[in-house]
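Peer 1: Take a look at this one; I'll ask things after.
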Amino acid sequence: MGQLSILCLFVTVCASVCGYSWPSDETTTKPSQFKDFHTDPLVVETTSGLVRGYSKTVLGREVHVFTGIPFAKPPIEQLRFKKPVPIDPWHGILDATKQPNSCFQERYEYFPGFEGEEMWNPNTNISEDCLYLNIWVPQRLRIRHHADKPTIDRPKVPVLIWIYGGGYMSGTATLDVYDADIIAATSDVIVASMQYRLGSFGFLYLNRYFPRGSDETPGNMGLWDQILAIRWIKDNAAAFGGDPDLITLFGESAGGGSISIHLISPVTKGLVRRGIMQSGTMNAPWSYMSGERAEQIGKILIQDCGCNVSLLENSPRKVMDCMRAVDAKTISLQQWNSYSGILGFPSTPTIEGVLLPKHPMDMLAEGDYEDMEILLGSNHDEGTYFLLYDFIDFFEKDGPSFLQREKYHDIIDTIFKNMSRLERDAIVFQYTNWEHVHDGYLNQKMIGDVVGDYFFVCPTNNFAEVAADRGMKVFYYYFTHRTSTSLWGEWMGVIHGDEVEYVFGHPLNMSLQFNSRERELSLKIMQAFARFATTGKPVTDDVNWPLYTKDQPQYFIFNADKNGIGKGPRATACAFWNDFLPKLRDNSGSEEAPCVNTYLSKIRSSSNELLPPSTSLVLIWIMTLLNAL
């Protein structure tokens, strides 16, 4: 028997005995083809096996890209609805040059052919087999070929790990807008991203029906996917030239919500110490739910998928066997039956006693975070995007709509249907221009502010205040620039997600129609993020960007035409949501509350509605205080 045959036999036996899996010929090279991998700058030895990426030139600089690296076994069949299982090491060289699958989700097709919508839809094959990650490395970093050997070539650099948004129901790391080649080319950082399970595939929670310690439907599987990917990247950072102790998470919307959980959860605290949260924190109303609510949604899904929900108490495994036999498309469609209205997603992080042992703000308020730094922020018009989609009969994408006062009230009642009449009336009073009550265009602006403040800006402010109080070093930005070539109607302003293309450097792509000031803004944001990942501060000492505290809520303005420092943002509106409304809610159950409610309702039904907001809110304050006596 020849030496090559003996070698192949030996490797095969080792693979079977040690639990190694042989990838297909399509994804790996044969043993004889990788004997000289140490001389190949595009081959890296990871803890899972060898990977080969590809090289591209970006803005005159070379970037090495690795896409589609598996970090977990495919969560299919018996692994559906369970925590991710680490990938078995492979033999050969993995071809890391192809974009991975996107996790199962539904496409948004409200405006067919509209690029502003299509840019957020998955651009690769949709599959349950989706747990892969991507890495971008500046070529000037000498890639080493083993994760455990120290480098003698140059200092290791920070690693930025992107977590995409999409309300925990949609999104994919493969979107063009998330291509991190420009960040890698212009900043001395490595960038990575991962896929994680969405919707019921990532958040179904029915664990109470199984014995303690069971791995069945534990909830938050999508977050566990993220954790496994972060740990893989941390374990292999040095092999790519990165510093495993300088890892910063950054993400938008649900990505920001996820990051805030990883920073303070008892499971992941200490895994990373820096996070950048764009338009999303874990305390936002759309970013978490109770275990009881998650169970209720899970039962509805079981029934809608044709499985026997009555068996859950005594034969839960039979129920899950049935659910694992349901095709993915059916689950993906039926889960939306529990959508509860604007930003009322049926799958979110769940308070399940492990990753989220209690209410997010209780977790934050009870912790000590003096060794952590966070950078977070909001956009100027966070609410208009969601307002358009959920009330599409009321608004036009391309131009302003005259919102009748009656429809304004209808939208308030719909969004806040679970609040008392008194609370809803208070919202109307706070968000009314009393000098122009019947100006439909102002009503449209006000309702957009309601959505943006309640769901995004004010939860972000609240998180920042409490985090600072518990020792975190907090930096806040406010993105106020409307892109010169925005595809959305001008009335929508600076919408949710508008900052993402600047974060990833797309204005520096000269084939796109950005102006020179927007290119400068993008470069400034990338530099701020890279400096934050390196030093814990987003700017150099000669730039004024003060820390954010409750007493001094100062933020840095990101705008192509002006920069500066502001306070808030939206300080008055957020005082209403974060301070006043909870007090009103606490006292609305008293015997006198109906009197207040009746009085306010009479004012509300008045044809004039001319009480100024200061007067009306003072009346509510007085009556609330009287009720508390």
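Backbone N, Cα and C atoms are what each Cβ position is placed from, and that goes for glycine too.
In case it's useful when we look at the structure, here is the feature table from Swiss-Prot:
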SIGNAL    1-38  signal peptide
DISULFID  CYS103-CYS130  disulfide bond
CARBOHYD  ASN125  N-linked glycosylation site
ACT_SITE  SER253  active site, acyl-ester intermediate
DISULFID  CYS307-CYS322  disulfide bond
CARBOHYD  ASN308  N-linked glycosylation site
ACT_SITE  GLU382  active site, charge relay system
CARBOHYD  ASN418  N-linked glycosylation site
DISULFID  CYS458-CYS574  disulfide bond
ACT_SITE  HIS496  active site, charge relay system
CARBOHYD  ASN509  N-linked glycosylation site
LIPID     SER605  GPI-anchor amidated serine
Peer 1: How many other Cβ atoms are found within 10 Å of the Cβ atom of GLU382 (active site, charge relay system), counting all protein chains shown?
Peer 2: 29
Peer 1: Show me the subset of ASN418, CYS458, HIS496, ASN509 whose Cα is within 10 Å of GLU382 (active site, charge relay system); these are the recorded positions I mean.
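Peer 2: Near GLU382 (active site, charge relay system) by Cα: HIS496.
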Peer 1: Specify the secondary structure state of CYS458 (disulfide bond) as given by DSSP, simplified to three classes.
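Peer 2: The three-state answer is helix.
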Peer 1: If you skip the near sequence neighbours and keep only those at least six away, which residues in the chain come within under 8 angstroms of the residue listed as 'active site, acyl-ester intermediate', Cβ to Cβ?
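Peer 2: The list for the residue listed as 'active site, acyl-ester intermediate' reads GLY165, GLY166, GLY167, GLN278, SER279, GLY280, HIS496, GLY497, given in order along the sequence.
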Peer 1: Ranked by the number of other Cβ atoms within 10 Å of their own Cβ, which of the glycosylation sites ASN125, ASN308, ASN418, ASN509 ranks first?
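Peer 2: It comes out as ASN509.
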Peer 1: Can you tell which of CYS103, CYS130, CYS307, CYS322, CYS574 has the least company, meaning the fewest other C-beta atoms within 10 angstroms of its C-beta, among these disulfide-bonded residues?
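Peer 2: CYS322, out of the disulfide-bonded residues CYS103, CYS130, CYS307, CYS322, CYS574, has the fewest neighbouring Cβ atoms within 10 Å.
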Peer 1: What's the CA-CA gap between CYS103 (disulfide bond) and CYS322 (disulfide bond) in angstrom, rounded?
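Peer 2: CYS103 (disulfide bond) and CYS322 (disulfide bond) have their Cα atoms 21 Å apart.
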Peer 1: According to DSSP, does CYS103 (disulfide bond) fall in a helix, a strand, or coil?
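Peer 2: CYS103 (disulfide bond) sits in coil per DSSP, no helix or strand.
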Peer 1: How many Å lie between the Cα of CYS130 (disulfide bond) and the Cα of ASN418 (N-linked glycosylation site)?
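Peer 2: The separation of the Cα atoms works out to 37 Å.
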Peer 1: Quick one: what's DSSP say for ASN418 (N-linked glycosylation site), helix, strand or coil?
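Peer 2: It is coil.
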Peer 1: List the recorded positions among ASN125, CYS322, ASN418, CYS458, ASN509, CYS574 whose C-alpha is within 10 Å of the C-alpha of ASN308 (N-linked glycosylation site), in sequence order, or say none.
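Peer 2: Among ASN125, CYS322, ASN418, CYS458, ASN509, CYS574, the ones whose Cα sits within 10 Å of that of ASN308 (N-linked glycosylation site) are CYS322.
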Peer 1: Across all the protein chains here, work out how many other Cβ atoms are within 10 Å of the Cβ of CYS458 (disulfide bond).
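Peer 2: Neighbour count, Cβ to Cβ under the 10 Å cut-off: 25.
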Peer 1: So how many other Cβ atoms are close to HIS496 (active site, charge relay system), meaning within 10 Å of its Cβ?
Peer 2: 25
